[in-house]
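These notes concern the structure reproduced below.
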Amino acid sequence: MEEIKLTEYSHGAGCGCKISPMLLDEILKTDISSTLYPQLLVGNEHKDDAAAYDLGNGTSVLSTTDFFMPIVDDAFTFGRIAATNALSDIYAMGGKPLMAISIFGWPIEKLSSEVARQVIDGGRAACEDAGIPLAGGHSIDSPEPIFGLAVTGIVDNKNLMKNSSATDDCYIFITKSIGIGILTTAQKQKKIEDGDIDVAIEAMATLNRAGAIFATLDSVLTMTDVTGFGLLGHLSEVCEASGISANIWFEKVPLLQNVEKYRAQGCIPGGSRKNFMSYGHKISQISDRQREILCDAQTSGGLLVFVKKSGLDEFYKSAKEFGLNLEPIGETTPRRKHVIEVL
């Protein structure tokens, strides 16, 4: 049986398929105010990870969706990564997922139903890992494979993590190493070594379930997950929503193994340039190396966690319970000319 390589059937990969931040802002521009719906605690005003609707009993229902084209060749692994990525938005908001339904597009004239089933099975495995059902979905015949989830979650209102909740006295942490876009581009260019792509896959298939616990800590003010807009893009969203700036200590940012090697070989995804064109004017002057790493599109990336400097002990203790030995990669500051300074 011929080996199927799903990445050969798509023009983009993972969260690198995202529309650029600048173009997305233009598309979503509207004069309609969310104040028409007072129960909607979180909408699209501050580019949060999920919508939150107040149920009136101290809790809110969370709703989010995420889907993309294959970032790996194996069908089951693609489904698992896509589902893990979609679930991340619920954890980033401080919530717990309740159930999911699938979003599925398949080129039925090109790829078999057996391969399609493997994608769904991978998505179901991620949902089972999160303790929720994959309860249904919708499918279409599409030119390229597409898979993802719409996820419903729940959160205590006091634990709701909003982009606008950070202050200027936080340390910034990231829970996964970055470089997914560079490594998967190396895979597409057939330069990747098996061990390196395996490490990337393991990272992408790991749930950000720690977010639901971090949100209960008084010292954690907010979180967001790092996905298609890169570390700088998602950090800038929090800073702008909160009216603050941030310093990133570049050499403290953790990288997946051999990211620097593949970057030097020119394995730079096109989305990195699009990302920087959208928000580069908000960033201090940076080197090509810094730009190519910090704007690299992540798929199922880690959580950016904003922790009050006075409350690190409880955060470190909680992180270690999830096997996370974290160090700050930066800090927030009062608002300055540049939203982010890379040091």
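Placement of Cβ uses the backbone N, Cα and C atoms for every residue, glycine included.
Because the structure is a prediction, the values reported are computed rather than measured.
Per Swiss-Prot, active site is recorded for CYS15, and the stated evidence type is sequence analysis.
Annotation source Swiss-Prot lists site 'Important for catalytic activity' at LYS18, citing sequence analysis.
Note: ASP89 (Mg(2+) binding site) has non-local neighbours ASP49, ALA50, LEU62, THR64, ASP66, VAL151, ASP225, i.e. same-chain residues 6+ apart with C-beta under 8 A of its own C-beta. Per Swiss-Prot, the feature ATP binding site maps to LYS18, HIS46, LYS47, ASP48, ASP66, ASP89, GLY137, HIS138, SER139; the stated evidence is sequence analysis.
Secondary structure at ASP89 (Mg(2+) binding site), taken from DSSP and collapsed to helix, strand or coil, is helix. Taken from Swiss-Prot, the feature Mg(2+) binding site applies to ASP49, ASP89, ASP225.
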In three-state DSSP terms, the structure that ASP225 (Mg(2+) binding site) belongs to: strand
Neighbour count (Cβ, 10 Å) for LYS47 (ATP binding site): 19
Any further residue of that chain within 8 Å (Cβ to the Cβ centroid of ASP49, ASP89, ASP225) of the recorded Mg(2+) site: ASP48, ALA50, THR64, ASP66, SER88, ILE90, TYR91, ALA92, MET93, THR224, THR227
